[in-house]
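Notes to accompany the following structure.
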Amino acid sequence: MARYIFITGGVVSSLGKGLASAALGALLQARGYKVRLRKLDPYLNLDPGTMSPYQHGEVFVTDDGAETDLDLGHYERFTGRPATRQDNITTGRIYQDILTKERRGDYLGATIQVVPHVTNAIKDFIVDSNDGYDFVLVEIGGTVGDIEGLPFFEAIRQIKNDLPRGDVIYIHLTLLPYIPSAGELKTKPTQHSVKELRSIGIQPDILLCRTDRPIPKEERRKLGLFCNVRESAVIEARDADSIYAVPEAYHAAGLDDEVLAAFAIAAEQPPALERWHQINERIRNPEGAVTIAIVGKYTGMKDAYKSLIEALSHGGIANKVQVKLDWIESEVFENEDPAPFLEHVNGILVPGGFGQRGAEGKIKAAQFARERDVPYFGICFGMQMAVIEAARNLAGIEQANSTEFGPTAEPLVGLMTEWLRGNELERRSNAGDLGGTMRLGAYPAALKRGSRVSKIYGDVLEISERHRHRYEVNTAYKDRLEQHGLRFSGMSPDGVLPEIVEYEDHPWFIGVQFHPELKSRPFEPHPLFSSFIEAALVRSRLV
């Protein structure tokens, strides 16, 4: 039967509960245990699919097509276990399910209340389908004291009494701020946070304290005394030079030992952390460096590209080089020559996105990469802009554009329903729902034999990758584009939807309709990112 570890946060948000959960999961996994990680999000949205990247950051898509919190990306990268839609739930989804049941009459006329109906739904989600796992780690989003989080805290309080004694522990992630004028770390915010947690019936077993310096013995003693935890359970979570150094750092601080002790489990063997050590050695001692320009529209919010950043670092790990990122707002190129911004870089990546803002700048970035032989990686929207660039500047289709931006005489890119219905432009109503209208999750793609991408994937002819898009490249223009050198080297197995384009006579120019960054791991870098960084490394030696 699974044991449960609940991770809560206090004092301030954005302390890294997701990363802490992922690192602890990796440590338990390294000891031979089977782990599952889940995330409870207290916001009222059904999912983050329609939320602004500036507010929520990246939307992480699972194989089964769920749009989830970016923390699930950390879970996958650290444990290697693919997440599913059953690993993330929001208040909005819970209320939707409850109200659907109420309208259906499932509650037999009962008054629907937060306790017990909402809390029971949360508990049912937490314990569902956990057979075969030794530990289930459950992260509660937000901080203690947030009004929207109260039903979740009440549910995890109740669940300790529902399960056998000793099967549940609570870890509280908190902040120890350093006050320069006083010259000391302050424990009072943590004390108040734990007091708030205890007021709703939850006593933390372990305090995980974020800090930028060692915790003095006196402060550790004070935290243990006033927060009612063992002194050994006050764990120092120092800032690390890389997120992949966190598992080793947490082990050195005693987190996994303290977790096992809280469950009364004897720690017979230390965790096998050799591969983590090897990864960190490569990160700390690179044999070179490459600079990649990311030409996007959310560059002011790096969390919008979290998986992309990590996938590029994985490509660097595979090639033993440091990957430096040059963030460029694509709108800049609409009024300025891209050359001064891009001449010094070793590779250009145009990531996914939605909407017209900055689109012309991305097209100019693709043109610069094509004409100057700079490695180019276009992902989703980045592939579509590369196709439009080829249509305009190689095939002579001057009005080539996307129907996403409005009516166009030459719809190189449009809604999938448009092309599947014989190019009769059929558009979703502007008043319609945005949620649930995309191609989401893992889909297969057939690769052309002998193509560059086929070789990158290891000479395979079929792959499976995760998608998140409404628009597709129009296959009616496929032959004209191929006549001018843009090869459609990957298609859906039925030949209807373009998946990959490339230039054979370019050092490295690939556009993909899917999101390969979502499947990259530090120990298994995605082959496209490894190859892209390798091409950038070759470019760096030529410039």
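Including glycine, each Cβ sits where the backbone N, Cα and C put it.
The structure displayed is predicted, hence computed values, not measured ones.
With Tyr54, Gly353, Phe381, Gly382, Met383, Gln384, Arg470 listed by Swiss-Prot as binding L-glutamine, the candidate from Glu76, Glu329, Glu331, Glu404 annotated for that site turns out to be Glu404. Together with Ser14, Leu15, Gly16, Lys17, Gly18, Leu19, Arg238, Asp239, Ala240, Swiss-Prot lists one candidate of Asp63, Asp64, Asp69, Asp71 for binding ATP, that being Asp71. Of all Cα pairs drawn from Ser14, Leu15, Gly16, Lys17, Gly18, Leu19, Asp71, Arg238, Asp239, Ala240, which the record names as binding ATP, the longest spans 20 Å. Cα of Phe381 (L-glutamine binding site) to Cα of Ser14 (ATP binding site): a distance of 29 Å. Compared over the binding-site residues Ser14, Thr187, Gln384, the count of CB atoms lying within 10 A of a residue's CB peaks at Gln384. Looking at the residues that bind UTP per the record, Ser13, Lys186, Thr187, Lys188, Pro189, Thr190, Gln191, Lys222, the two CA atoms farthest apart are separated by 23 Å.
When the binding-site residues Ser14, Gln191, Glu404 are ranked by how far their Cα is from the Cα of Glu139 (Mg(2+) binding site), Ser14 comes first. Counting other Cβ atoms within 10 Å of each Cβ, the lowest count among the binding-site residues Ser13, Thr190, Gln191 belongs to Ser13.
Reduced to three states, the DSSP call for Lys186 (CTP binding site) is coil. For the pair Gly16 (ATP binding site) and Gly382 (L-glutamine binding site), the C-alpha distance works out to 30 angstrom.
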